[in-house]
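Here the structure is laid out as structure tokens; the discussion comes afterwards.
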Amino acid sequence: MASSAHNLQTLPTLHGVTAAPPPTPATQPNRLSTSDAADALSRLLHRLPPTLSLPTRLSPPTTSPPSVSFSQDNPNFLKDITSSSSQLGFFQLTNHHLPSQLAVSAEIESLSLLNLPPDQKQETFSKIWPLSFEYDHEDGNGDGDAESFCFDSSCSTESTSQSLSSLKEFALALEKVGLEVVEALSCAVGFENPLREGGNKFCSLMWISEGVAGNKPGFSGRFYPYIIALHYQIRCRKYLLLADSGWVSVSPQVDSVLVTVGDIAQVWSNGKLKKVRGRPMAVSVDGESTRCISMSLLLTLPTESTVSTLLPGTTTTTSSSSTDDHGQDNNVKDYNNDDDDDEKEAEDNKKNKLFSSFSFEDYAWRVYHERLPFKDPLDRFRIISKFI
């Protein structure tokens, strides 16, 4: 037995020399006491990074939007409006000659609409989309109920008991300013202004909603595509904007007009103008005595419109181009009938165009009914050039 036990303990190696087997754990010397081991473990745990918890919403810092004087005496008007629109997508107009008392009267009439009983609200407003009363029990952010009204520039209702004369006058005054801003942008950037002819080339929507609670990014009410939107600043108040660069909190000057550039203007300018997605959301502060009402005029398009790039050098010859009696395309410049130049221009146009044309009605319907429009809805119409 002793000999057998000795044979188990002395195993041959590769070189024929016997070596003892590794010791069992029971025979290992105890180099650390229990307290020393606990201290070592504690030091190791303290070296580990703490558990990180990110807030669900970050409040962006509040800034003042760039100021642009609307006075005819301002020699830098076109330069200022172009710089702000191409870099940020928003600015504030001063010296616009809109009477502040008219804005206050329009706000009072808007409050009277919001104070109506729910059933009377449904009966008062048109059911023709997008002219309607909207009520969302949850606005998608857990911040409570969200109500909004949408009128055309006439501010007419189904009820004869509601007099909205101040709101109508206010909407028409904002529309006039908006048309001048679009004309200035088209001249400064260099795209054709379809609204210059007037008539049925555009429409205006007055959107009224109550502000969101707290200084947090979020949406209140529905989106609707527009060229530009205008918001009169009656009192000191913050707005949340979803710009191309992300969420922005702005506080315009009292009696200024906050102007935001929309998705339609961005397509018209072939991406030269930045945009703000949706209407700016007025922010109500906890403990504020006055209700936070937002009145936004959206300068937009009729539903039957087609949206396409209007910047010269980006429009390609299509079947919708106008032709004369001889079949000559009137939208193509005459380069002394040089076919080579025409072909080169057409090729350059295709390379430079950033957006494909699309139906405004289809686009507006999609944007309006999208509940969480965090993704840019224009992405589906962007052209990825093979030449890039």
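A Cβ is built for glycine as well, from the same backbone N, Cα and C atoms used for every other residue.
Looking at 1-33, 133-165, the stretch flagged in TrEMBL as region 'Disordered' turns out to be 1-33.
Across the domain 'Non-haem dioxygenase N-terminal' (70-124), DSSP helix (H, G, I), strand (E, B) and coil residues number 33 helix, 5 strand, 17 coil.
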